[in-house]
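J.: Can you read through this structure? Questions will come right after.
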Amino acid sequence: MAFKLPNLPYAYDALEPYIDQRTMEFHHDKHHNTYVTKLNATVEGTELEHQSLADMIANLDKVPEAMRMSVRNNGGGHFNHSLFWEILSPNSEEKGGVIDDIKAQWGTLDEFKNEFANKATTLFGSGWTWLVVNNGKLEIVTTPNQDNPLTEGKTPILLFDVWEHAYYLKYQNKRPDYMTAFWNIVNWKKVDELYQAAK
């Protein structure tokens, strides 16, 4: 069964003014779609074609070596972006059990945001910043390229795309401005659902 590009759960312009329509169109229709196309070309006709993407990424060492790099890059790109679209929303409300536990662990939501933003804005090159559940505890981690915390046995619940294609049309080289804007469109309801399932 071929992997498919998911539809966005909102209109292309729904995240304005924080992420502009043109960026969303390029990011979803071009960049994400390319990962899906290349992933399908890699796994077509193999046993991986019938495996879940999460299992593939979590067990990357079991993927045949000839396909491993493509699954890591293109499978990671597909998984990461699919989750990224889900944790964004034009209706962002900072509430839920995950917010309570963030405050309990970091002291305040602002302290958490500051640490997350520092890791995101200082990440060299392209990659992702994540809030993960690791042995029942929340942790902020970064990964290069399209790598995913699942490979390290950690469950992602919130992620921030630090690739330039995610923000350059609107923010150019101002990654901190893009990071600040991100907090206005986080779908905390979805993040909390992922958190409760991962605990």
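Cβ atoms here come from the backbone N, Cα and C positions, even for glycine.
According to Swiss-Prot:
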- H27, H81, D161, H165: Mn(2+) binding site (BINDING)
- H27, H81, D161, H165: Fe(3+) binding site (BINDING)
J.: Inside 8 A of the center formed by the CB atoms of H27, H81, D161, H165, which other residues of the chain have their CB, for the recorded Mn(2+) site?
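T.: In sequence order, the nearby non-listed residues are H28, H31, H32, F84, W163, A166.
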J.: Just how many other Cβ atoms lie inside 10 Å of the Cβ on H165 (Mn(2+) binding site)?
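T.: For H165 (Mn(2+) binding site), the 10 Å Cβ neighbour count is 14.
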